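Undergrad: A single structure is presented below for examination.
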Amino acid sequence: MVVAVYPGTFDPLTRGHEDLVRRASSIFDTLVVGVADSRAKKPFFSLEERLKIANEVLGHYPNVKVMGFKGLLKDFVRTNNARVIVRGLRAVSDFEYEFQMAGMNRYLLPDVETMFMTPSDQYQFISGTIVREIAQLGGDVSKFVFPSVEKWLTEKVAAMGGPAA
């Protein structure tokens with residue numbers, strides 16, 4: 001049984017993320033979506049909110065588990081007995097960072113492979129950062145996120161005082 005981990009902050013989870021989950025879950029016996037508690041990135045949504053969002057969007061996949069984690073990815077991978085780390089590459093600009101991370105992960109976890117996947121064409125330009133910015137400025141994000149995620153974004157922006165002018 002091959003277990004893979006797809007780590008990320010998923011802040012918020014986009015249609016691009018779901019596209020990779022759908023495709024990766026058809027390759028591996030179990031796909032663990034690891035929602036990182038990355039304080040360095042100063043997330044828009046709390047870890048608890050991101051876990052709820054991910055479960056709402058991904059809960060219908062029978063072989064996908066959504067779990068939060070803190071600390072090193074290597075420890076999360078080991079805890080889940082994963083043999084593969086799945087990473088998404090949207091553009092060439094993502095490659096340099098992801099290549100360095102894959103090298104470090106190989107050093108820390110020599111028996112674990114990193115698999116890069118590119119999103120489907122219609123999702124290659126989507127990033128959580130861009131989606132958050134559009135939402136905070138009052139723009140339409142419905143083509144980039146699922147309706148439940150759009151609702152979370154709308155409520156969060158409203159709680160912060162509404163869209164910036």
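For all residues, glycine too, the Cβ spot is worked out from N, Cα and C.
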Undergrad: If I go by Swiss-Prot, which of T9, T118, T129 binds substrate at the same site as K41, L73, R87?
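TA: Matched candidate out of T9, T118, T129, per Swiss-Prot for substrate with K41, L73, R87: T9.
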Undergrad: How far is it from L73 (substrate binding site) to G128 (ATP binding site), counting Cα to Cα, in Å?
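TA: Distance between the two Cα atoms comes out at 20 Å.
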Undergrad: Let me spell it out: for each of the binding-site residues (L73, L89), count the other Cβ atoms within 10 Å of that residue's Cβ, using every protein chain shown. Which one has the most?
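TA: Per the Cβ count within 10 Å, the most buried is L73.
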Undergrad: Determine the Cβ neighbour count for T9 (substrate binding site): the number of other Cβ atoms within 10 Å of its Cβ.
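TA: Cβ-Cβ neighbours of T9 (substrate binding site) within 10 Å number 20.
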Undergrad: In terms of DSSP three-state secondary structure, what is the assignment for K41 (substrate binding site)?
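TA: Where K41 (substrate binding site) sits, the three-state DSSP reduction gives helix.
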Undergrad: Give me the non-local Cβ neighbours of G128 (ATP binding site): same chain, 6+ apart in sequence, Cβ-Cβ under 8 Å, ordered along the sequence.
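TA: Spatial neighbours, sequence-distant, of G128 (ATP binding site): T9, F10, D11, P12, L13, T14.
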Undergrad: As a test of the contact definition, list every same-chain residue at least 6 positions from I126 (ATP binding site) whose Cβ is closer than 8 Å to its Cβ.
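TA: Listed in sequence order, they are T14, R15, G16, R90, P119, F144.
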